[in-house]
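**Student:** Reproduced below are the annotations present in TrEMBL:
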| type | residues | note |
| --- | --- | --- |
| DOMAIN | 86-511 | domain 'Major facilitator superfamily (MFS) profile' |
| TRANSMEM | 17-41 | transmembrane segment |
| TRANSMEM | 188-212 | transmembrane segment |
| TRANSMEM | 224-248 | transmembrane segment |
| TRANSMEM | 326-343 | transmembrane segment |
| TRANSMEM | 355-377 | transmembrane segment |
| TRANSMEM | 384-404 | transmembrane segment |
| TRANSMEM | 424-446 | transmembrane segment |
| TRANSMEM | 458-480 | transmembrane segment |
Amino acid sequence: MGNYDEDTAFLGQKGPFFVILFFLLNAIYISTGFHGLYIVFVGASPSHRCRVADGNLTEEWMKASIPNETVHGKPQPSQCWRYSLEAVRNLSALGYSPLDVNLTDITLERCVDGWSYSTEIYHSTIWDLVCDGEWRVPFATSTLYMGYLLGSLVSGQLSDRFGRKKVLFASLAAEALAIFAQSFSDSWLLFCVLYFFVGTFQISLYITAFVLGSEVLSKSLRVLFTTLGAFLHYCIGYMVLPWIAFAVRDWRSLLRVLSGLTVVYVPLWWLIPESPRWLLSQGRVLESEAIVREAAKKNKVKEAAASQNSKYSALDVLRTSDIRKTTFLCLLLWMAINIGYFGLSLNTTNLSGDPFLNCFLSAVTEVPAYIVSTFLLKSCPRRPVLSAFLVIGGGFLLLVQLIPESKISHAQHGPNAFGTANKILIGIQMAGKFGFTMSFTVVYIYTAELYPTVLRNLGIGMCSSAARVGSITAPYVIFLGTFNKYLPYILMGSLTVASSITNVFLPETFEKVLPETLEQMQKCKRRDKHTLEEGKGTVIMKEAKCDPTQQENNE
C-alpha cells in the first residue's frame, strides 16, 4: 500500500463528499451519548424508607415506626431499618401513642416488607437496589463496561475481516434491539445480561465509526472529526439525555424511547461508504477505486487511483518490541483516563442538587473541552498536550481533600442542597471532568495516528479493551465514597497524575503522515528515536516530521 493521502490528494480537502460524510458519521455519535450513561437515571435510587405493611396502625405510629439516624452529622429517617413491626403492633393495640414510650428501646429490624420510594423525581425504580442490595448498582454499571471489554476485543477483528461499514451498522442495530429488550426485563439478572450486550455493541459502534472517519475523511477534516466532531456530537447526545429522562420518568419507557430513536439512522446505510483504505488492504482495488471515483464526481475533480494489498493479523500489534512498547503504554493511558472520566460521569447523581441538572452540567463541561482540544491538536504536539491535561484532571480531584468532610452533603435536595462546600465540590468535579475530557479526546486521535491502517482498528480496539478495565472499575471506585468521601477522588487523581508520565515514552505524531503499513510505523518510530538522540532529549519538530512513504522512496 502506498501513500493513500498522497494518491487521493486530487480529491481536495473539503469537497461535498467529505463534508457530507463528516456530518453523517457525527450524527451517529449522538446515539452513543444517549445510550452511554442512561444507567445514571435508570439505576438511580430515590429517597426511600421501609414499608410498614399494616393497615391497622395509625398514621402517627406509621411515621414513628421509622427510626432516625445520623448521616454525615445530620439526623434523618432511616432508609434501611424500622422498629420491630410486631412490637409496634402490640404497643398500638395496648392504646399507647409514640409519645408514651421510649422508641429506642424497641428492637430494630430490616425492611422485610420492602421499601416505599419517593416519586418526586423518579416514577419507577429497577427492583430494590438499596441497602443490602446497594452493591448491585455499581455491578450493573460494570456489566456495561464488561461488554465494552468484549466489544473492544472483537470489533477490531470483525471490522478488519468484514469491513468498517458492515460492523458499524450491525452494531447500531444490535445495540438498539438490546436496549429495547432490556426494557422488558423481569429480573435484575436479565437486565445485567442485556446491559452487557448493550456495552458490547456500543463500543463496537464507537470504535468502528471513529476508524472509518479517520480513514475516509481528508487530512484537514480528520483532526476535526476525531475531536470536535465525534466527541462533541457524543456530548450533544449526553446533554440531551437528562432532558429525555426528565420528560420520561419511568425507566422502561425511557429505554424504549432511547431505542426507538435509532430508527432515524437506517437511511445512512445508503449514504456512508466503506473505507477505501480497508478495501485496498484486502486487495479489493476495484471497489476502492469505485468509491474514490464517486468522491471525485461529488467533489467535481478528475480521477486517479492506485495501490496494493497486505494481510495482517492481531498478533502484529504485539509482534515487535517497538510496537509492544507502544501498545503497553497506550493501554496504561486509556485505563487511567477511563477510570477518571466514567467515575466522574457516574457520580453526578451522588452530588447535591437536581440529578438531571447535574448530569446536564457534566455534559456541558465537555463542550469547551472539545473546542479547545480541536484548536490545540491542529497546532500543538500530542505528548505535552496530553500530559498537561492529565495533570489538570487529576490535580483538581486531589484538591477535594481541602473541603471539610462535614461540610459536604451528597444527594441532598431542597433549599439547602447547594451550600458553599457543595458548590465548590461540584466546581472541582466539573474542572476535573474538563481535564479528563481533553485527555480522552487527545488519546483517541493520538492512538489512531500511532497505528498503521492495517492495524489501526485492532490497535484502538486493544486500547479500548484496557480502557474497559478502567470503566469497569470506576463504579466501584465511586462506591468507596460510601466509606470515605475523599477516597474516590484520591484514587482517581493520583492514578491520572502518575499516568501523565507514560506518554513521554511514546513517539510524537504531530504533522506526520498516517502510516499505512507496519513497516512504515516502525520507520517513523526509529526516525523519532534518532531525532531525540540527536537533540539530547529535546524533540526538534522540523526534523521529527516523518513521511514513511518518502523514506521508502529514498531507500
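Here the Cβ of each residue, glycine as well, is placed from N, Cα and C on the backbone.
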**Student:** Tally Cβ pairs under 8 Å between the transmembrane segment (424-446) and each listed stretch (17-41, 224-248, 326-343, 458-480), then give the stretch with the top tally.
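**Tutor:** The listed stretch sharing the most Cβ pairs with the transmembrane segment (424-446) is 326-343.
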**Student:** Do the transmembrane segment (355-377) and the transmembrane segment (458-480) come together with 3 or more C-beta pairs under 8 Å, pairs six or more apart in sequence?
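**Tutor:** Answer no: the transmembrane segment (355-377) and the transmembrane segment (458-480) share fewer than 3 Cβ pairs below 8 Å.
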**Student:** Could you please provide the mean pLDDT value for the domain 'Major facilitator superfamily (MFS) profile' (86-511)?
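**Tutor:** Its mean pLDDT is 81.
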